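Visitor: According to Swiss-Prot, the protein carries these features:
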type	residues	note
BINDING	PRO78, LEU79, SER80, ARG81, GLY82, LEU83, GLY84, SER85, SER86, SER87, THR88	ATP binding site
Amino acid sequence: MKIFVPATSANMGPGFDCLGTAVSMFLELDVLETSDKWFVEHDMSGISHDESNLIVKTALELAPKLTPHRLSVKSQIPLSRGLGSSSTAIVAGIELANQLANLNLSQQDKCKIAAKIEGHPDNVMPAILGGMVVASKIEDQYYFQELPLIPFDFLAYIPNYELDTKASRNALPEKLPFKNATHASSILGTLTASLALQDYGTAKRLIEADEFHEPYRQKLVPELVKIRKIAHQHEAFATYLSGAGSTVMTTIEHSRTEEFIASLRKAGLDDRIEQLKASSQGVFIEK
C-alpha cells in the first residue's frame with residue numbers, strides 16, 4: 001500500500017493561518033512488511049527513522065496498538081521551506097492509522113485531528129481535501145469551505161536555507177492595533193470572496209496587500225521583494241510568502257512562466273525553482 005500526500009502553500013497573502021492550497025508536489029509513503037519494530041527508510045537529514053518519526057508518532061496517537069511495519073518515504077517536498085513538509089507527514093500518519101487500524105475516519109474527522117496536531121488548519125486541510133481551502137476554528141469545531149482552484153502556474157522559488165516555523169513566528173508582533181487588525185481582516189474577506197467568485201482581477205491586488213505577517217517576515221526572506229518586483233514586470237497574478245517561508249510563491253499564467261524564470265535567473269536568483277499547479281487531489285491511496 002502506498003499513501004500520497006500533496007504539498008501545500010498556505011498563508012496566502014492575508015490568509016494567515018486560514019487559507020491554503022494543495023500543489024502538485026508529493027510525499028509518498030510505502031507501507032512494507034510487518035516488523036518487530038517501526039523503521040522508516042528515507043534520505044532526509046535530521047529526520048528520525050524509528051517510532052519518533054512524525055509519521056509513525058501521529059499514527060500511534062490514533063492507534064497505539066498498531067503492528068509495527070517497515071516504511072519507505074520518498075518526498076519531493078523540501079523541509080522547513082513553507083511547503084507543508086510537517087503537515088504532509090501528519091496527514092500521512094493519520095491515513096496510515098486509518099488504513100491499518102480500519103478506523104473509517106471521515107474527511108471531517110481527518111481534518112479535525114490533523115489541525116489539532118498541527119495547531120492550525122491552513123496546511124493540513126488542503127493536504128487532506130485537495131484544492132484551495134479557507135478554514136477557521138470556533139471553540140472545538142473547525143469550519144471550512146473549498147474554493148475554486150487558481151488556474152495559473154504556481155512557481156515556487158525555494159531558497160537554499162531553512163526557515164524554522166518557530167523563528168518565523170517570533171518575527172511577528174504579539175498584538176496588532178485594532179484599526180490595523182480590522183483593515184487587514186477586510187482585505188482577507190474581500191480576497192476570499194474574490195477567489196470564490198473567480199474574480200482574479202480583484203484578487204490579484206488583494207493577495208499582495210497582506211498586513212498580518214509578510215511585512216514582519218520579509219526581512220527574513222529578502223527574495224520576496226525582489227521576486228515580486230520581477231513578477232510585476234511579467235504581469236504575474238500574485239507573489240506571496242508560502243507558509244512561514246522561505247519559499248516565495250508566484251502564481252502566473254503558463255504562457256509567461258518561461259520568460260519569468262529566465263528573468264529570475266538573470267537577476268541572480270539561482271536557487272531551486274519548481275513549476276507547479278494547484279492540485280485538486282488530496283491524500284490518496286494506491287494498493
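Quick reminder: no glycine exception, Cβ is built from N, Cα and C everywhere.
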Visitor: In terms of DSSP three-state secondary structure, what is the assignment for SER86 (ATP binding site)?
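Guide: Note: SER86 (ATP binding site) is helical by DSSP.
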Visitor: Within the same chain, and leaving aside PRO78, LEU79, SER80, ARG81, GLY82, LEU83, GLY84, SER85, SER86, SER87, THR88, name every residue whose CB is within 8 angstroms of the centroid of the CB atoms belonging to the recorded ATP site, in sequence order.
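Guide: After dropping the recorded site residues, what remains is ALA7, ILE77, GLY243.
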Visitor: Which residues, sitting 6 or more apart from PRO78 (ATP binding site) on the same chain, put a CB under 8 Å from its CB?
Guide: SER85, ILE158, THR247, ARG272
Visitor: For the binding-site residues SER80, SER86, THR88, which one has the sparsest Cβ surroundings, going by other Cβ atoms within 10 Å?
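Guide: Lowest Cβ count within 10 Å among the binding-site residues (SER80, SER86, THR88) is SER86.
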Visitor: Once near-sequence residues are set aside, which residues in the chain of GLY84 (ATP binding site), 6 or more away, have Cβ atoms under 8 Å from its Cβ?
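Guide: Sequence-distant Cβ neighbours: ALA7, THR8, SER9, ALA10, GLY20, ILE77, ASN123, VAL124, ALA127, GLY243.
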Visitor: Would you mind listing, in sequence order, the residues at least six apart from GLY82 (ATP binding site) in the same chain with a Cβ closer than 8 Å to its Cβ?
Guide: SER9, ALA10, ASN11, LEU163, LEU241, SER242, GLY243, ALA244, GLY245, SER246, THR247
